[in-house]
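Just below is one structure, and these are the notes that go with it.
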Amino acid sequence: MIAISYSSSANLGPGYDILSMGHDAFYDEVEVLEDHSNGIRISGDGIPLDYKKNTAGLSASMILNDYGIKTGIKINIKKGIPAGLGLGSSGASAAAAVRAINKLFNLGMSHDEMVHYSMHGEIAACGSAHPDNVSSGIYGGITLVQSKNPVKIKKLKINLNFSILLVIPELFMENKTMYARSLVPSKITMDEHIESTQRLSSLISGLITGDRDLVSYGMNDNIVERARIKMFPYYYDLKRRVIENNAISACISGAGPTVLILYDDKSDYNGILRSVDDVMRSYNIKYILKKSRIMEAYND
């Protein structure tokens, strides 16, 4: 049984561990086969082959245990989403594996149940079970984590037309996601909480109602992005320059270093491209650009 899962951008500014946007920039393909040997076998290039250290394998192990499935399985993973760039690579493998296992064994899991198993696979990648990326890998579109325990996910109905431009720097850091999560402050002030809530509610409202100005205002973060800025020193300059060219907004994609830019027909697209190049050259950082669109839904 084969399933695919697309890349995603978590957080979208103020929505740390809450919001995620699935997009069609890249995808992983996962094939799950029954295997008469015991246990879980993993195959694929450039990935952990120990199932306990692999997000797809860890998710699969939980399902087999919880559903009392005695047969072994083989998981073949074709990685299309580059790892370590804030594009939901680890979560995509887990989500695709869960969807494939659900179909293979006809388990009839709900979307939220699939998110539950997928998010626990993330422990293999960063040490914590966070549901944001995997929720868009199961539902598609832009998702909101209503509750983590029990898992409750809401898919937002988007009424704003925009395109996506990903600025993907060639920056790689060992254990980057784990380090990025360690930078998030454990305590914030009431003023910081109020501002963050204002931004998040504005962003969600703007996406649902199609209010461009609300999205532009809302896609700004005063807590997590600020705490992580030393990882991405180019970010504020890049964001300022693309907004000067009437981009809707920009944010760090997940744990970075990729920057997600939203633009529309009011934006100066060529001006955005020039601005990106100017800023990244000034920081002596090589990068690639990837145009994308929202991956709305999966057919399973």
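Placed from the backbone N, Cα and C atoms, the Cβ positions cover glycine too.
Residue environment of G88 (ATP binding site) contains 32 other Cβ atoms, counted within 10 Å of its Cβ in all protein chains. Annotated ATP binding site per Swiss-Prot: P82, A83, G84, L85, G86, L87, G88, S89, S90, G91, A92, in sequence order.
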With every protein chain in view, how many other Cβ atoms are within 10 Å of the Cβ of G86 (ATP binding site)?
28
